[in-house]
Amino acid sequence: MGRYSVSPVPKCLLLMFLGWSGLKYYQVNAAQLREYRIAAQLEDWDYNPQPEELSRLSESELTFKKIVYREYELDFKQEKPRDELSGLLGPTLRGEVGDILIIYFKNFATQPVSIHPQSAVYNKWSEGSSYSDGTSDVERLDDAVPPGQSFKYVWNITAEIGPKKADPPCLTYAYYSHVNMVRDFNSGLIGALLICKEGSLNANGAQKFFNREYVLMFSVFDESKNWYRKPSLQYTINGFANGTLPDVQACAYDHISWHLIGMSSSPEIFSVHFNGQTLEQNHYKVSTINLVGGASVTANMSVSRTGKWLISSLVAKHLQAGMYGYLNIKDCGHPNTLTRKLSFRELRRIMNWEYFIAAEEITWDYAPEIPSSVDRRYKAQYLDNFSNFIGKKYKKAVFRQYEDGNFTKPTYAIWPKERGILGPVIKAKVRDTVTIVFKNLASRPYSIYVHGVSVSKDAEGAIYPSDPKENITHGKAVEPGQVYTYKWTVLDTDEPTVKDSECITKLYHSAVDMTRDIASGLIGPLLVCKLKALSVKGVQNKADVEQHAVFAVFDENKSWYLEDNIKKYCSNPSSVKKDDPKFYKSNVMYTLNGYASDRTEVLGFHQSEVVQWHLTSVGTVDEIVPVHLSGHTFLSKGKHQDILNLFPMSGESATVTMDNLGTWLLSSWGSCEMSNGMRLRFLDANYDDEDEGNEEEEEDDGDIFADIFSPPEVVKKKEEVPVNFVPDPESDALAKELGLLDDEDNPEQSRSEQTEDDEEQLMIASVLGLRSFKGSVAEEELKHTALALEEDAHASDPRIDSNSARNSDDIAGRYLRTINRRNKRRYYIAAEEVLWDYSPIGKSQVRSLPAKTTFKKAIFRSYLDDTFQTPSTGGEYEKHLGILGPIIRAEVDDVIEVQFRNLASRPYSLHAHGLLYEKSSEGRSYDDNSPELFKKDDAIMPNGTYTYVWQVPPRSGPTDNTEKCKSWAYYSGVNPEKDIHSGLIGPILICQKGMIDKYNRTIDIREFVLFFMVFDEEKSWYFPKSDKSTCEEKLIGVQSSHHTFPAINGIPYQLQGLMMYKDENVHWHLLNMGGPKDIHVVNFHGQTFTEEGREDNQLGVLPLLPGTFASIKMKPSKIGTWLLETEVGENQERGMQALFTVIDKDCKLPMGLASGIIQDSQISASGHVEYWEPKLARLNNTGMFNAWSIIKKEHEHPWIQIDLQRQVVITGIQTQGTVQLLKHSYTVEYFVTYSKDGQNWITFKGRHSETQMHFEGNSDGTTVKENHIDPPIIARYIRLHPTKFYNTPTFRIELLGCEVEGCSVPLGMESGAIKNSEITASSYKKTWWSSWEPFLARLNLEGGTNAWQPEVNNKDQWLQIDLQHLTKITSIITQGATSMTTAMYVKTFSIHYTDDNSTWKPYLDVRTSMEKVFTGNINSDGHVKHFFKPPILSRFIRIIPKTWNQYIALRIELFGCEVF
């Protein structure tokens, strides 16, 4: 039986009908109505389709039962033809800005399913997602469409969510079923949604600006979590595994738009690579697309090289599992439109580079020097060869450079230590030609494959998984002893973009068997540079120094030489069990440049040098490698950050300015193996000019450097090409000093006319310090150069007086003097141990939480002063922080002083990201050669106190005026992994100047901090050892979910305090400090957002990677309660979700004290004096006794309370005193408490720094004083507590606010927004002196004739309002009227409604399914309010009087909101 209709109409059909009618009011404004008919249907799917004659397995073994989206013709009887390439994917939905997408959906499957878009503007009945959002049953019909039923979804593509200026023409999103994210996805319910700029699509929906467009979904399907369970894990592209994806077709010189989706119900990363091609993504040139499960990217590619090219994810397990396909580029006779013409000057810059590289077998020592500080467990597991382990020495193959084609004289006589295991650096500019003569001096076939440049098939050097042996050419696999020449030119389409660094970081490796070749050691760095980026020597012009850091995971179990290593290094080779988890793990080496532990030598840099870091992740790792730089920040892609995330087989270029003296650490953030193995120390030091010697000595030193530091990329000139060296403006000073500006001033000067000395001087100037690419330097030699490293870097630091104690005020003062500004912000923070309960309020309703949810943890807590006696109680602004420590706020150029007290039972510290600090305020422990004075910050003992001093340089703050604040984090750094899992972490917000008040709060900004983390209690210091997983379980990767809690701010499911106004700017600061596998994709339902400082790029979801601090800006456009979640289904299902509420900006309606809607029985007080009872405390009340008043006695704390009988949003309070016999009584100051249940009371704090906010009251007995409640509060009970008063505490009150569910604003009867012509009636009363017409039925209308009266008084009369379009009506207020002395009002009434002004339906009583009769007024002037639960969804509404007093008379207001 339909809830709103007398006749039995299915709910879904009713809602469909209402929705279709509502659309007609929006067709005029839409660029286009795009209609799709989509069904969810069962399908038997074969991940490995084979020709019938090749199949020998039964159908049940080959196929899996799936639910998929398919597009149909109008009547849902004929499925539309689809591209074979789309596979499991549903049809691609497209819409331009201004369009309306209408999806007619039918469920042919056996499970309730839905359609939910990652980005679109939709109302609650087109969301397609089920959660507790306070909506009615009729609004939840979209959440889960039952089998056999239909539904129509309506999505608006507005300018607010469309692509921004810097975005590509179309942005890529996904749509999917959101009934059960894990099971729905693994069953196959997913498709692509393209949201495009206006005018970017053809009539057929294809993009105008590309020759071709393709959607590829890289996904992992866990069939055991399908609705139709069948154990299997499938690694696929568009649902095709093992290379069975139909070939993607293209023509040479095509411009292709790629829409790439990553999907998995568990955390997953993909490194998408197109062999032999380059792509452009977000205006950056890439060779690998970094993709995470739950997110999508848009990229484009221009192709020129014909052939069949591999498409794959370079994550090792993906390749092994068959996640690949092919791009087939044909010569279709199209002209070359990709090569631009160069000027004569540009042509002269073109160079030929020739390298002679061999593959050689060596014995590699992963840790030639093991510092005493190395973790003993790590050392025993990876570096010792006890327990029949191999240890730290392995036979490997490496790339080595030779001087010529004879391959007899290496460029290095002694292997340079700093270069490590890496092959020589290959560099080239756009249009340069690179020739690599490769000789295989190893014992098995190898090759060279380069990333980041377009190559021909002859120069590819890669064997594909499906290559038959007869197709393996000489270049793909060079046999032992053979020589092959690879030759390629850097094309215009390979050139770094304007936004890119001068040189972008790529790599090369052997690709006969990529996984095993890399595991064997054959890797090297490659730099692709802009036309003006390199000197004739191959040195980058805009960097003082270049430094390579390759974070490589070598899985020696997959090396070609495993058997050799077992025989040589294991004490008992015959007893080795290669499948033993402990043995296997001991052979997986986490390295930086091939070293698996810290080295005793320290990398040296000169103070103020600009270092160009080239960072790469290589190897069998299936995790992100987060690279952390201490004491400094990377400048990468226009953003300062101190953690860069490297995806497998990808690289990043970043600039680091050496501006902080001391020995610092570059290391991987994350697992124990990564942080111990992937690390190196570097020195940022001053070198005294007086030690540099005279001019002759400098020349001698230059000769030494020329000999020792000759780069591996020495150019072997094959053709004489005229080249000019043109310094960039930023290098003019250096160029003038070296006498190199004559080249530009005298164009006739050719390369042959330059002196060798000029080139040597430029080389030396660019490689000051000890660098990885130029070999090691003997200590004795360094003593005779200008670069001699001092054994104690702090000895030359003028800030240090070893004879005096450290004084934090002195440090702060020095910072303040340096920046010529005196603004110091003090914080008092303690580490305390607490019992933390992960269970939400409604734990019994959550099935996925473990039985035990309460654990001992340590948290940061704020105190008011250095006595640490009075905690700073959190207020409404801190309510959402959960487990997070207090927010540390500062402005650019401030100095932060944090006094830290350790009230816990074990050592902790404070370590800050993104800020500038001396070694004595780092809060981390490693071998940094610091004096003892500088090590006291490393670990503060229990009950100890220490003051950390941090400076806020400009790089720590917002990068432009559009960005308000930038987020970082602080945590205990004694053992970061264990400390954070124990709970010790908090946010840092650095804001523009003038944005923080004296209480350290931001001014006029709505901001929230969200910390996404899977807390693993087994990694906490406080977890009982007896409950931990066994060593065997850990070694094989078994993780018990009983002790892990995916949460936001440490609270699964029900984080509180996320409330904001519609259309206000909301700033979200998102943190992720989890390990390498902690990948979260943040989705705000119903809203889109931009990243702070990058407002030119639109986001629908945000991948939040390990060590990421992201600040985003949102302008909520839809009121209501919405879901905030991770798109990683398994984490979402287990609690990484929360609700946020968007309230109307007009949420300041009187709640009913003045009007009488709030009854006398709802108002109470602690007491009253004489006849001044609580029920009289109504704003503007009149009479002799017209307010509440009380005589305050000593030690008494009076209050007055209003029970609103439901939870509402309170946004303001109006107060008034009273006057009796010319005597004024009023409250001067008061505070507010509130409660949801009448038992647990909260004192409103707002922005006040103390425990409560004191509101300014009245200054006389008659004036109304209004106070704003910000942030808004949700409560049922409100109490006002007078603290200061005149004569006696006295109140007349009105509360301002709205309903929690939203959609409760007046629709326009009282204001006149509803026109007179839109109000009609069955009849109206006319007299010779007045007419009681329908349009007079407006609430609170004044005058002698101020209401609607019908001509006759009977039950056939009605008042009708036409709202002009489909509207959600949530409540009504009725009022009577007075004529002469006659009180007229309606005592009872019913409601009818319709959407077509024809078929009227009565509003039914939910309990009886009969027409509901509402109780009306009891007098002619008072208000009575009724709520429609469920709400009415209609255009027309009628009020039908049933009984009345004297005569029918009505004044009304309707409340609700528009549906669209």
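Using N, Cα and C of the backbone, Cβ positions are placed for all residues, glycine too.
Worth saying up front: this structure is predicted, and the values here are computed from it rather than measured.
Take the Ca(2+) 2 site that Swiss-Prot assigns to Phe934, Asp937, Asp938: the candidate from Lys919, Lys964 listed for it is Lys919. Binding of Ca(2+) 1 is annotated in Swiss-Prot for Glu139, Asp142, Asp143; the matching candidate from Lys124, Lys164 at the same site is Lys124. When the candidates Cys1147, Cys1457 are compared with Swiss-Prot, only one is recorded as disulfide-bonded to Cys1303, and it is Cys1457. Checking Cys196, Cys332 against Swiss-Prot, the residue bonded to Cys251 by a disulphide is Cys332. Looking only at Cα atoms, Asn300 (N-linked glycosylation site) sits nearest to Asn1000 among the recorded positions Asn385, Asp937, Asn943, Asn1000.
For Phe934 (Ca(2+) 2 binding site), the Cβ neighbour count at a 10 Å cut-off comes to 19, with all displayed protein chains included. For the glycosylation sites listed here (Asn300, Asn557, Asn1397), the lowest count of other CB atoms within 10 A around the CB belongs to Asn1397.
Here the Cα atom of Asp937 (Ca(2+) 2 binding site) is found 14 Å from that of Asn943 (N-linked glycosylation site).
Secondary structure at Asn1397 (N-linked glycosylation site), taken from DSSP and collapsed to helix, strand or coil, is coil.
Spatially close to Asp938 (Ca(2+) 2 binding site) yet at least six residues away along the chain are Ser909, Glu922, Gly923, Arg924, Ser925, Gly973, Val974, judged by Cβ distances under 8 angstroms. In the three-state DSSP classification, Asn156 (N-linked glycosylation site) falls within a strand. Of all the glycosylation sites listed (Asn156, Asn1180), Asn1180 has the fewest other CB atoms within 10 A of its CB. The Ca(2+) 2 site is defined by Lys919, Phe934, Asp937, Asp938, and by the 8 Å test on Cβ atoms against their centroid, the other residues of the chain that qualify are Glu918, Ser920, Ser921, Glu922, Gly923, Asp928, Ser930, Lys935, Lys936.
A gap of 34 Å separates the Cα atoms of Asn406 (N-linked glycosylation site) and Asn557 (N-linked glycosylation site). Checked against Asn1397 (N-linked glycosylation site), the recorded positions Asn156, Asn242, Asn557, Lys919, Asn943 differ in C-alpha distance, with Asn156 being the nearest.
Of the candidate glycosylation sites, Asn156, Asn385, Asn557, Asn943, Asn1000, the one lying closest to Asn242 (N-linked glycosylation site) when CA atoms are compared is Asn557. When the glycosylation sites Asn557, Asn943, Asn1000 are compared by Cα distance to Lys919 (Ca(2+) 2 binding site), the shortest distance belongs to Asn943. Between the C-alpha atoms of Phe934 (Ca(2+) 2 binding site) and Asn385 (N-linked glycosylation site), the distance comes to 36 Å.
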